[in-house]
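These features come from TrEMBL:
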- B:42-64: transmembrane segment (TRANSMEM)
- B:76-103: transmembrane segment (TRANSMEM)
- B:123-144: transmembrane segment (TRANSMEM)
- B:151-168: transmembrane segment (TRANSMEM)
- B:200-218: transmembrane segment (TRANSMEM)
- B:248-267: transmembrane segment (TRANSMEM)
- B:306-325: transmembrane segment (TRANSMEM)
- B:331-350: transmembrane segment (TRANSMEM)
Amino acid sequence: MSDREPILKARNLVKRYGRVTAIDHADFDLYPGEILAVIGDNGAGKSSLIKAVSGAVVPDSGEIWLEGKKVTFYNPIEAREAGIETVYQTLAMSPALSIADNMFMGREIRREGFLGKYLRMLDKKKMEDFARQKLSDLGLMTIQNINQAVETLSGGQRQGVAVARAAAFGSKVIILDEPTAALGVKESRRVLELIMDVKSRGIPIILISHNMPHVFEVADRIHVHRLGKRLTVVDPKKCTMSDAVAYMTGAKDPDPSQQAA
Amino acid sequence: MSDADNYEASTRGGKSDAQAEFEYEEKGLLGRIHSILHHSPALVPLIVLVLAVIVFGLLNANFWRVATLSLIFQQIGIVGILGIAQSLVILTAGIDLSVGAMAVLSSVIMGQFTFRYGIPPSAAIVIGLAAGTAMGALNGVLVAKLRIPPFITTLGTWQIFLAANYIYSANETIRSQELDAEAPVLKFWGSTFEVFDARVTYGVVLLLVLVAIMAYILRHTAWGRHVYAVGDDEEAAQLSGVNRSRQLIQVYALAGFFCAIAGWVMIGRFGSVSPSASTGQLGNIQAITAVVIGGISLFGGRGTIVGMFLGALIVGAFEMGLRLAGADAQWTYLLIGVLIIAAVAVDQWIRKASA
């Protein structure tokens with residue numbers, strides 16, 4: 001893969017909070033069409049790294065390129081406008097609002113003509129149709145009620161809607177933060193299938209997870225983060241789960257033969 | 001790796017394993033009522049209102065006369081407009097204790113600018129409306145930027161606005177005759193027209209129009225959906241691209257604007273500009289009562305303006321109905337107290353995602 005140009009690339013990122021260095025000259029590469037898992041012990045700084053590329057944290061120094069162009073994000077909205085969608089662990093959905101409302105929160109579509117322009121009327125039908133389309137694209141829709149409140153959905157369904165929202169708008173990169181952490185075995189399974197489904201559409205995914213079986217099942221490459229920087233990137237086909245955990249915790253030094261190409 | 005993920009294999013495959021299906025579940029009668037109310041919480045006050053109108057009409061047939069009903073509308077005119085302001089704020093999971101004070105101070109500004117400085121009344125009205133908006137915006141900045149809890153912010157500004165109102169006006173009332181002679185436009189909303197041998201004030205028409213406009217904005221515009229989103233889950237709204245601070249400041253400022261309109265309507269209703277109008281002390285409680293009885297959740301994100309309007313009508317119907325039935329006025333307060341508690345209890349039940 002090294003002959004290809006990364007779609008998202010970061011070099012020498014640094015972020016300090018007082019005397020704590022959360023990101024210590026970290027590098028990061030995501031290639032087109034792949035699922036890159038990011039693993040690391042608690043406190044290794046993987047969420048700071050992800051926040052830096054998703055715009056939630058502004059790094060003190062270092063550079064980020066999206067499709068070869070240098071970018072600087074000051075907030076998640078800017079990253080989102082550039083095509084990087086993040087599914088937060090909390091999902092960032094309003095429970096009392098409908099599926100359609102949530103999918104279009106912050107990017108609503110207005111009606112054409114006078115109603116939309118002067119009365120600012122939303123085009124609910126268009127948004128509902130779009131939401132329904134996107135959910136059924138991902139096999140998430142078996143009933144019609146797109147106006148159901150999100151709080152009436154199960155954890156897996158909510159995750160599904162959040163992923164569908166990201167897939168619908170994330171034109172370039174989707175970041176999934178612990179998508180299976182709060183789910184049962186069966187629902188996790190469905191979400192993993194959903195991730196593969198999104199991948200098959202050609203959208204690259206960054207998957208942050210603590211769940212090694214899930215990581216090894218879906219990832220093409222595994223970025224091991226340790227002490228604020230990238231320790232190594234391993235190929236899940238050449239490396240065992242226990243080795244990965246050993247690298248992550250510092251019990252073992254990386255073996256070059258297991259590195260991802 | 002081989003063993004570690006085998007525990008999941010048992011759940012793979014099979015027809016039942018379609019991704020995260022949206023299942024339809026069978027519900028009992030209570031469950032069905034719950035899900036209907038969950039979807040349209042304004043039904044509760046509507047049912048209560050219809051029952052109240054039927055019962056009070058049976059107690060005293062005069063209740064059903066058009067004149068009586070029109071009087072009820074007139075009496076809720078001011079509370080209704082303050083209720084719109086209060087609804088907006090409560091939908092964002094806030095509360096505004098200063099609505100009555102903003103209304104009184106705005107009305108005093110309209111009156112004093114006309115009579116003390118000789119400014120044309122219509123310009124004084126514009127200044128009064130702007131002043132109300134500015135007062136609301138001040139609340140908004142304190143809540144959104146300094147992150148002072150809305151209850152504390154508006155507890156403070158309530159006292160500040162009310163005191164400023166007495167100091168500025170020197171506790172001086174502008175009388176009806178003076179208004180009629182020099183600035184009848186200040187009393188405009190108190191003037192009436194005839195419908196079915198009943199007199200209706202323009203203030204009532206204004207209330208209906210404002211309710212309709214706000215119901216539209218909350219339901220059919222992105223701004224309105226963002227009000228709900230901020231109240232429902234502030235963090236989520238922010239991450240989804242809603243500018244929380246800007247939204248909150250706009251909501252409080254708009255609430256202040258509505259309070260100033262209520263202040264203008266007060267001049268017509270009371271026939272004078274009085275800094276000691278009871279609205280300054282009681283307006284906030286009356287507005288919160290209408291909002292709560294109208295099914296708007298104090299936890300934010302749930303409820304409608306139409307519900308608040310029905311809540312205000314319920315209070316009006318109880319006051320009028322009990323008076324016509326010859327009951328002691330204290331019964332009204334007692335029953336409204338019961339209604340408030342019942343409304344919140346019902347809200348707690350409705351808010352549960354499933355029964």
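Backbone N, Cα and C atoms are what each Cβ position is placed from, and that goes for glycine too.
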(message) Ranking B:42-64, B:151-168, B:200-218, B:306-325 by the number of C-beta pairs under 8 Å to the transmembrane segment (B:248-267), which range is first?
(response) B:200-218
(request) For the transmembrane segment (B:76-103) and the transmembrane segment (B:42-64), decide whether they are in contact, meaning at least 3 CB pairs lie under 8 A, counting pairs 6 or more apart in sequence. (result) no
(message) Using a cut-off of under 8 Å between C-beta atoms, tell me which stretch among B:42-64, B:123-144, B:151-168 contacts the transmembrane segment (B:331-350) the most.
(response) B:42-64
